[in-house]
Amino acid sequence: MSTDAELQTISGLSVASKSAPSTQTEGVTASGKVESTTNAEEATSDVEEEENPLVVAARDGNTAEVKRLCESGSYSVLDTAEDGVTALHWAAVNNRISTCQYLVEQGAVVDAKGGQLNGTPLHWACRRGLVYIVHYLIQNGADPLRSDVQGYNALHLATHSSNVMLLVYLLHQGLPVDCQDPNGRTALHWAAYQGDALSVDVLLRWGSDVKITDTQGFLPLHWGIVNGSRNSLARLIEEGSDMYAKSSDGKTPHVMAAEMNTTAQLEGALDDCGRFPDGSQKTKYFDARTTNLLCFFTPFILILLGLVLCTFCGPIFGIILTVATLFGSIKLLKTLVLPSLYNGHAALLKSPFQAGIFTGSAFWVTVKYLTSVLPATFASHPILNFFFASIFGLAMYCFFRCMSMDPGYIPKLSGITEQKEVIETLIERGEFDTRHFCFVTYVRKPLRSKFCRQSKRVVARFDHFCPWVWNAIGVRNHRMFVLYVLFLQIGIPLWLALNSAYFGELLEIKRWDPLEFYLVIWISLQLIWITFLSFVQIFQICRSLTTSEAVNLQKYGYMGADDYSSVPLDHSAATASAKSVMNAHGHAAKSPCFSSVLKLLGVDQFVATAGEAIKHRDNRSWKEKNPTDSGAGTNCFDFWFPNGKFDLLAVFEAGKGGGAIGGHAVDYYKLWDFPDVSPNQQQTNNRSTREDGEALLAESQV
């Protein structure tokens, strides 16, 4: 069945399958073997292909053999099969960059049309998502706006490939984002139909129109409903898709969803966009600032209310009433407050509610300490009070600094021209993939950086997003965050010791303070996640790992996840862009509710980290696989004193990207390659090498 025939069938809703259309691709593997496909692109017979030495050599990337055959005079780069297919077609579709370069240099026609689809080498490469081949052909005159017999240009075919990096590249070449095929479908229609949320997002941010209809009257939203990708549907709805638009046969998105059995996905997407299941918009009662303030200060009231209920109703009924009040308050927040700014099932976790839990707890600790504990214990335990007050004050200082500062955002580029220059540089280095380029912000990603979904920015040396401080943890505030956690780890036991003395004083005078007693229990519970977090952070610092890197290591191993790289094996810089654990990305499937609880308490990462510690305790190959690990001592010194000087006051300072790896000063905003931290190299590069970066670190202090 052809692509258009398949779409016609689906538009009539007479099929049950919701898989993406079989966009006709050349049936040749990278190894040179012909695949069994349903398309007829390769019109040349199998026998002829196998017997044509030039085709075989071009397909296999044997440039030396191609050169020998052409120079012998027996074959020419202009030779074509009966259907017009050339050696350049086969080299292009099999990602043979060196062979393509030789053929083009010898005069091969870059826009030669061939095959039953009458496609050019560029079309063949686009169907496979081969960025480097596409780049080379366009640089040498290939026309990306030329269409094949089905009316698809390079942008349509790139969308069919689902390689988001190729889509980004072509858009930066100036191709119209909403060019339509003969059936009126834009690249956005195709991306939505395929359920390709990444491509949908890229096209929408580039300005693709969600209101364009095809010849059947289908919006991209209609085609998205056929596939049922919740993320794709949410983005289309966010950008203004008409929830009540009818197709030519009179079907609205809701009717189509019911017939295609994707109603749950559509309603989930509507919820993610702050809409009711019928598509109407939820009322927004507050502005962004008021919404955040309400979410932040609500825990202050809930904590006090819980303490009062336990005090006057007893522990059992008090806890029951407190839990009921908590759920009621959260329901109220989700109904009246959160829709003004946050939507979806994780709306509460996106808000500053958890930061409010910590701050509210600290606030009531301060109130009770100043009004009850301090007056009763200062005379008998002055030193203990001094240490607690100092540690608690430092913890709160680090908390607010960590919460309010820039964690290390990579600066945005000024415009498309600068973005295009970055893309060209990465292609030249063989690094145009999601490890080195952010397709959301269009910035080059330094090593160890990552895109933060909450802030929508790339963060240098990204560790994680912490809901307890409501900020990303990156190169600038990571030390402050670890200090905050460690001060809490020390301060809470000191506070418990003070309360032990306080209750001893009360017993002597036959009095009791139930409010303080329940506050002690509440704060003691906070010590659980703080202990887990302290262990994880200290362990990872000793291993020179960030939390993001550790999580990706546990999910995908050292090779990481798919990075949408299509770098040819014979690219001049292919070996320089070997995979590493540092910038992998992806998602793991877990039970949403249980997983959220584990993440909030830090249990999941604690268990995983403990497992890694046991697994690698005697594994010396770890250092060889982790390019930043120079041993626990050096790793810790690099983290706490990146300027190479043992300066305790400098620990509290935040830089602007300066750091150290294995004794080498680095700028995490421009870390394109890891320094050599191998044992032999370290012997020849002593601590004095840090002096080279002291100027950078000194300038970056704030």
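Cβ coordinates are placed from backbone N, Cα and C, and glycine is handled just like the others.
The stretch that Swiss-Prot tags with transmembrane segment, taken from the ranges 90-110, 321-341, is 321-341. Transmembrane segment is the annotation Swiss-Prot gives to one range among 124-144, 187-207, 355-375, and that range is 355-375. Per Swiss-Prot, the topological domain holding Met403 carries the same name as the one holding Leu649, which places both on one side of the membrane. Non-local neighbours of the transmembrane segment (300-320) in the same chain are 326, 329, 356-357, 359-361, 363-364, 514-515, 518-519, 522; each lies 6+ residues outside the stretch with a CB under 8 Å from one of its CB atoms.
Broken down by DSSP into helix, strand and coil, the repeat 'ANK 2' (83-112) contains 16 helix, 1 strand, 13 coil.
Across the repeat 'ANK 3' (117-147), the model assigns an average pLDDT of 95. Non-local neighbours of the transmembrane segment (380-400) in the same chain are 358-359, 362, 365-366, 374, 469, 480-481, 483-484, 487-488, 490-491, 494-495, 497-498, 501, 505, 652; each lies 6+ residues outside the stretch with a CB under 8 Å from one of its CB atoms. Long-range contacts of the topological domain 'Lumenal' (501-518) within the same chain: residues 306-308, 310-311, 315, 318, 368, 372-373, 376-377, 380-381, 384, each at least 6 residues beyond the stretch ends and with a Cβ under 8 Å from a Cβ of the stretch.
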